Amino acid sequence: KQLRVMDNGSSSSSSSIALNILDISREASWLIFSALHLCFLFILVSNIVILIAVVLSPELHKPMHMFLCYLAVADIVGSATIIPKQLQILASGCSDISYVGCMGQAFCINMFVIAESLSLSFISTDRYLAICKPLHYHAILPLKRSVYIIILAWLSTVAACVAILVYTLSLQMKDGNRSIDAAFCYSIYIVNLSVSDTTSTRMLLSACIVMFIGLPPLILMYTFIRVCLEFTKPSSPALSKKAKETLVTQLLVTSIYFISLLTIIVRGRLIRSSGGGTENKSVNYVIELSILVPMAVNVIIFGLRITELRKAIANLFQRRFTILPIDVKSKKIGLQT
């Protein structure tokens, strides 16, 4: 028995939309299911641990860790939006998703994409200020200002996503042949299903892409180059091997993330102009799933590699698992005296 790619017109009802899935055997689908399930648990648990550690540790109440919490929430939203539906598809073999569910997934994916892009640019800017302007760092970016930045970022993210949702809901969709040539519900692919004028919706999507997806990579590249140039100065300390690995890994992971987004966006435009999807669905599926790579690696390069955060997490678990032995020991001492 094989897990087939749903063809156009395979939607079981007019209120559902068919997503594309891999043409693989049932055994292979369960292998992918297990890998995605483990990935989901790792992303969810590790990011929740980071959030708890930062909240409960006063020494971590710093701008850098606030931005890490912002990134952690974005990764939780993204993984919880994308992976469970993929697990359901792999387990059942049915790629249908309701119209309301598709709109909801598109809204949450937009939230994740914007929040992830902004958080990565915030973290890179924070590191740039800490390395290149250490004497003015606390004056430029105090804790309260970083909190205001995050609040403003969430408000702008919600506003942009609500606007996209409203414009998308106003479109009249096809009565039949509702099939998206993607593994997830992206707004740009949903717009391709419309039979009404989509000019204003596409203009809004283009503006959001430029503002929230186009600018952050430029900020990342600028800060990365400035940090590298800072360490080439004779007066600067030598860049440690660990710092070099962190910078290179950060650049690699963020490149994968933005290249995946760019590929998805370009494919959406090409599908509209050509009237159909590309033939190699396996490659497309892998490219779309590569957006999960930064979610899994962010915890390692931005979380566990930071000494303060790593110590806070260790202390958190140490306090959790040593409360009982300490109480028992104190009771024994009391009995002996």
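Each residue, glycine too, has its Cβ placed from N, Cα and C.
The transmembrane segment feature in TrEMBL is assigned to 30-55 (among others). Tertiary proximity for the transmembrane segment (30-55) is limited to same-chain residues at least six positions away from its ends with a CB under 8 Å from its CB atoms, namely 22, 24, 61, 65-66, 68-69, 72-73, 75-76, 79-80, 83-84, 86-87, 90-91, 292, 295-296, 299, 303, 309, 312-313, 316.
Here TrEMBL flags 46-302 as domain 'G-protein coupled receptors family 1 profile'.
Positions annotated as transmembrane segment by TrEMBL: 67-84 (among others). Long-range contacts of the transmembrane segment (67-84) within its own chain (CB-CB distance under 8 A, at least 6 residues past either end) are made by residues 36-37, 39-40, 43-44, 47-48, 50-51, 54, 105, 108-109, 111-113, 115-116, 118-120, 122-123, 126, 146, 150, 153, 184, 291-292, 294-295, 298-299, 302-303, 306, 309.
Summarising the annotation, TrEMBL assigns transmembrane segment to 146-169 (among others).
Within the same chain, residues 110, 113-114, 117-118, 120-121, 124-125, 127-128, 157, 160, 163-164, 167, 187-188, 191, 247, 250-251, 254, 258, 261, 265 sit at least 6 positions outside the transmembrane segment (203-225) and bring their C-beta atoms closer than 8 Å to a C-beta of that stretch. The transmembrane segment annotation in TrEMBL covers 203-225 (among others).
Look at TrEMBL and you will find 246-265 (among others) tagged as transmembrane segment.
The feature transmembrane segment is assigned by TrEMBL to 285-304 (among others).
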If you average per-residue pLDDT over the domain 'G-protein coupled receptors family 1 profile' (46-302), what number do you get?
85
